[in-house]
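Notes to accompany the following structure.
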Amino acid sequence: MVHKLIKLPYADDALEPLMSAETLRYHHGKHHATYVNKLNDLIVGTEFESKSLVEIIKHADGAIFNNAAQVYNHDFFWTVLSPKATTPSVALDSIITSQFGSMDEFKKAFIEKGLTLFGSGWVWLCIDEHDNLHIVATSNADNPIRSGLVPLMVCDVWEHAYYIDYRNVRADYLEGYWKLLNWNFISYNYSNHEKHRGDYFSNFCKDNTPYCDYVDQLEQMDEVRS
């Protein structure tokens, strides 16, 4: 399977002024693209050559794992963002409020997790098989898949995600990120978890991205186009 760099579901300048076109061009067109190209080079002639990203992440180690995970993480990150204002579904809003106290308290806890992550990594909202929500920070390329948690949303807190626009002020970047959230996608991830439960990851379509069924819907409904 040849893994491909996803096409962003919005224009390079669609997230401005919170995320500049320059950042998107470097982050997506160079950093993300490098992970995709490196992964394709590394898996040639290995047992992972025909595997999906999720299968590679579950079973690979070393450079193959790192590059596959970074492709997955970035695929997820770009789809979590939207230039259009969206709101959580009633069901998602309800479970967040019940477990964190309010949406504001959830935002506060998520941003705090991002601020206290040392070095580079990712911050995720995940859900487990018992419907418990978890805010999880992972270092470098790691993500929640191997731990059995289902990711609902993610924020990239590697410096290349924000240094052009915010320099070293990660707090301002995290506030800007919050204003760009694609709650349609996050709500979809929650409803998909509710629908499939323990068989969640096996229900992704057989493409190189874990959310391709939702992206197909976006193309039809034009929900996040600029």
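Quick reminder: no glycine exception, Cβ is built from N, Cα and C everywhere.
Marked as domain 'Manganese/iron superoxide dismutase N-terminal' by TrEMBL: 3-82. Over the domain 'Manganese/iron superoxide dismutase N-terminal' (3-82) the predicted model carries a mean pLDDT of 96.
The Cβ neighbour count for His160 (Mn(2+) binding site), using a 10 Å radius over every protein chain in view, is 14. According to TrEMBL, the feature Mn(2+) binding site maps to His27, His74, Asp156, His160.
Per TrEMBL, domain 'Manganese/iron superoxide dismutase C-terminal' is recorded for 90-187.
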- Query: Quick one: which residues besides His27, His74, Asp156, His160 have a Cβ within 8 Å of the Mn(2+) site's Cβ centroid, in sequence order?
  - Reply: His28, His31, His32, Phe77, Trp158, Ala161
